[in-house]
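Engineer: Handing you this structure, nothing more for now.
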Amino acid sequence: MLLTYKSLNSQAPPYLCQLVHYYNPPRALRSEDKLLLALPNARLKSRGERAFSVCAPKLWNALPLLVRQAPTIRNAACSRSKRGGFTFTPACFITSEAFLSRLMKGKAAEADGSTHHPPASVPPHSNEQIGLLQRHPDQPPDSKVLKVVIIGAPNAGKSTLSNQLLGTKVFAVSKKVHTTRCRSLGVLTENDTQIILLDTPGLTTHSKVKRHHLDKSLLVDPWLSVKEADLMVVMVDVSDRWMRSRLDYEVLKCLAQHPHIPAVLVLNKVDLMKSKDRLLDVTAQLTGGVVNGRRIQVRPVIKPPWAEKIPKSDSELPPDGDTLVHGDSETSDSALSKKQLKELSSQQGWPHFKDVFMLSSVDREDVETLKTYFIVNAKPGSWLYHSEVLTDQSPEEICTSIIREKLLEYLPQEVPYSMTQSVELWQDGENGQLDISVKLYAIKESHMSMVIGTAGQMVSRIAQEASEDLSRVYLREVRLKLSAKLKK
């Protein structure tokens, strides 16, 4: 539906705009001023009727006249009457089938009768963001609040889930590990409930931080974030067959050190798992067969003799070869004894999860279920931020994290991890756009040549894609200029 609207208003690619035309009857008819689209004949039902030139007019002509007459998508929120009213939700937020069915039934766009608001934006200037963070919360009398910390192994999909919950991409996401370097806060406000999302770096060990020269925040921030949370979300990448059979050792230590904080298990990336029937077995392994104090029933699977699990010996070391005697960090092991650490090293799952969710963090409908769970479990309390706040990050921090995401996406191996950034220019342009200039520092000439690319193609591509992401965050045009320099 969104593509159809853009095609009619010359906002879509030209090849799509040429496929849809308004219906001009050969003689005077009552339907000539109804803004209907011409419907071409399709010979094949299996292929022809699936074409955009056929589907678009069908969906458009089925809409009420008030929606077809709307000058913009956002102005299309209107009511037909008090008895048979409807609320138009932009098609970019829901699927076309759900969009059409809700309109035709005359029901509200949301199941609870509330209007779906467009994603919030981040102010493009630091002083505006600071002023927004300092504003007094505009909470209703019966306000509710919930602090949720999302933890897990690196590259489990924590930032992707946070972005999907917020409805706007404010956290960097890439396929490489340690994209998130420090704790980031997101604010989700719906009706009388405010959900505080604490997006944390992947739990790692002291030895890895020292070996790969990583930031200390990767080691400290997850543990500090857990202490202030009301609910802990443990994410596991079930598409990784090496990691899905047991919880990460650092995750187990975090759960064991904070047993008083309710925890839920989220099995992520289920869309990438070929055999979906394995999900029950994975759930049984990661929960110890117990969820919310009740033993779950999993259909037994007959395994060959060689597949029997070999019990761990007491002398076996935990992951990464770190000994249990001194542990990996003073922060994580201070509250656990040597005996507890030894028991955790041979433990596969955590039997104290309150609930288990199986989803794909890129699927909005899947994430909507988890968001509803958060809202239901929110407790009465005062909001911490104004309803317009989306994140506590500064505009510059969002910009550098998005640029770093693109560097991780396109540069090989250790190159993006060794690069640093410096914001040189941040000002409003003459035509209302936001002009940003960032300098990238490389430690080697070979790294700098990789960033620039052949005839500057790589750096221009990174700048273009980062500009598009930032435009969606600030809701204004962004012109980003990137330059590379060798760090002395």
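Note that Cβ sites are derived from N, Cα and C of the backbone, with glycine treated the same way.
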Engineer: Look up region 'G2' in TrEMBL and report which of 43-47, 178-182, 203-207, 273-277 it refers to.
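Structural biologist: Going through 43-47, 178-182, 203-207, 273-277 one by one, TrEMBL gives region 'G2' for 178-182.
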Engineer: Write down the single range among 268-271, 404-407, 432-435 that appears in TrEMBL as region 'G4'.
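Structural biologist: Within the set 268-271, 404-407, 432-435, TrEMBL attaches region 'G4' to 268-271.
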Engineer: Please give the average pLDDT for the region 'G3' (199-202) in this predicted model.
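Structural biologist: Result for the region 'G3' (199-202): average pLDDT 89.
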